[in-house]
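According to TrEMBL:
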- K10: active site (ACT_SITE)
- D137: active site (ACT_SITE)
- P95, V96, A97, G98, G99, M100, A101, G102, G103, S104, A105: ATP binding site (BINDING)
- 67-145: domain 'GHMP kinase N-terminal' (DOMAIN)
- 204-278: domain 'GHMP kinase C-terminal' (DOMAIN)
Amino acid sequence: MSVTVRVPAKVNVQLGVAAARPDGFHDLANVFLAVGLYDEVTVTPADELRVTCAGPDAASVPLDRTNLAARAALALAERRGIEPAVHLHIAKDIPVAGGMAGGSADGAGALVACDALWGTGASRAELLDICAELGSDVPFSLVGGAALGTGRGEKLAPLEVGGTFHWVFAMAERGLSTPAVFREFDRLTAGREIPAPEADPALLTALSKGDPEALAAALTNDLQPAALSLYPELAATLKTGEQAGALATLVSGSGPTTAFLVPDATTATRVATALQDSGTCRTTRTAAGPVPGATVL
Ligand code: C5P
């Protein structure tokens with residue numbers, strides 16, 4: 001017997017970042033949109049906890065207990081006083097260290113899969129609690145759709161979305177570490193007064209109307225200067241997408257994946273081809289959102 005859970009990637013359509021808190025985390029106004037690029041986590045009974053991974057980026061996925069999928073299984077097993085004796089297999093399609101919450105997706109997927117396999121019957125609230133312990137973006141991977149994340153991003157309020165938004169994503173040659181990007185944000189903003197970030201009303205209206213032009217005008221990412229500072233080559237990728245007809249360009253979360261909002265699927269294909277041909281990225285993917293969060297298949 002095994003259980004498979006499919007979990008989407010995310011793009012942040014607004015990432016407002018406050019100054020570092022005493023605990024080192026940053027309060028956020030984080031507007032998440034789940035997009036149709038997925039990891040699948042399959043859990044099967046085994047003698048002991050084991051993680052395997054397949055997919056284009058599999059070689060850079062840790063298979064030990066630092067993997068968020070393993071940590072999710074351990075967290076649920078510990079709460080129930082049971083042995084986490086499972087094989088977790090991750091079919092990975094979300095880029096690794098890309099700013100698209102691939103690790104978080106695996107954490108949320110493993111949690112939902114183990115809950116179903118073990119019949120632990122955890123409530124939604126308990127699952128969300130465990131997700132928040134695992135990482136700031138993990139609760140959103142569970143719920144999907146679109147949501148405003150406050151606190152360090154883990155406190156979620158669902159958002160209305162009145163249509164489908166089309167995107168192209170350009171994967172970079174190497175990854176960026178999220179803590180390193182936040183540290184660079186701290187360095188670049190040192191000595192500056194940073195106002196408390198708030199969700200942009202124009203952006204929320206654009207989402208609720210399903211209006212890509214209005215969303216394009218409102219996209220912001222306070223981590224983008226930090227990501228570009230650590231990875232200057234991304235500027236050429238953004239420029240290529242803009243020239244190819246994207247409505248707006250943006251670094252996805254802490255990067256280095258770059259995101260291109262386009263009016264429709266046809267333009268998505270054209271922009272993806274231009275990016276691919278330019279040699280300014282490793283590979284491209286097209287995806288639309290919003291899509292549902294972690295789903296048992
Ligand atoms: O919560 P998560 O483990 O995903 O965060 C990874 C790292 O990103 C944190 O250790 C911290 O350095 C940084 N971070 C932050 N503020 C947030 C979320 C993450 O500084 N709101």
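Cβ coordinates come from backbone N, Cα and C, glycine included.
Keep in mind it's a predicted model, so treat the numbers as computed, not measured.
Annotated features taken from TrEMBL, shown on the structure.
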residue	record	contacts (Cβ under 8 Å, 6+ apart)
K10	active site	F32, L33, A34, V35, M100, A101, D137, F140, S141, G253
P95	ATP binding site	A9, D57, G102, F169, M171, T257
A97	ATP binding site	S60, G175, L176, S177
G99	ATP binding site	L176, T178, A227, V251, S252, G253, S254, G255, P256, T257
G103	ATP binding site	N67, L68, V96, G135
A105	ATP binding site	V7, P8, A9, Y38, D39, I94, S141, A294
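Here the Cβ of A101 (ATP binding site) has 30 other Cβ atoms within 10 Å, regardless of which shown protein chain they belong to. When Cβ atoms from all protein chains are considered, those within 10 Å of D137 (active site) total 30, not counting its own. Each residue in the domain 'GHMP kinase C-terminal' (204-278) gets a DSSP state, and the totals come to 44 helix, 11 strand, 20 coil.
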